[in-house]
Amino acid sequence: MIVGRHIIAELYGVKEELIAKEEVVRSIVEEVVDKAELTKVGSVYKQFNPHGVTGIVLIAESHVSIHTWPEYGLVNLDIFTCGDTSKVEKAFKLFLEKFKPESYRHYVLDRG
């Protein structure tokens, strides 16, 4: 029995200006959640000094989290839904469009 889909991804070679500041990361994540038609319940973001961001969006279907390391051009993403699994794929594609990584690797897990 499959109850959800989980994508874990590492994006490499992301431009620093896209991932260094909380307000930019927040804007991208919130837009992706909205466009992927995920049901946002709440969110928390943390700006690190001198740069880097962690954010978690609680969605009714599960969660989306992001961790950034601008000094390495690195973004770690975690997207999980126990709802419509196509929304996870849509969210991941939107993140790729927004962050434009030079390369990435990702794992797709069917949960359950």
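Placed from the backbone N, Cα and C atoms, the Cβ positions cover glycine too.
A 10 Å cutoff on Cβ-Cβ distances gives Ser62 (active site, schiff-base intermediate with substrate) a total of 20 other Cβ atoms nearby, all chains included. Here Swiss-Prot flags Ser62 as active site, schiff-base intermediate with substrate, drawing on sequence analysis.
For Ser62, the entry in Swiss-Prot reads pyruvic acid (Ser), with the evidence type sequence analysis.
Residues or ranges marked as active site, proton acceptor in Swiss-Prot: His67. Secondary structure at His67 (active site, proton acceptor), as computed by DSSP, is strand. Counting every protein chain shown, the number of other Cβ atoms lying within 10 Å of the Cβ of His67 (active site, proton acceptor) is 19.
Annotation comment: Swiss-Prot describes Cys82 as active site, proton donor. Under the three-state DSSP scheme, Cys82 (active site, proton donor) falls in the coil class.
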Residues satisfying Cβ distance under 8 Å from Cys82 (active site, proton donor), sequence separation of at least 6: Val3, Gly4, Glu61, Ser62, Arg111
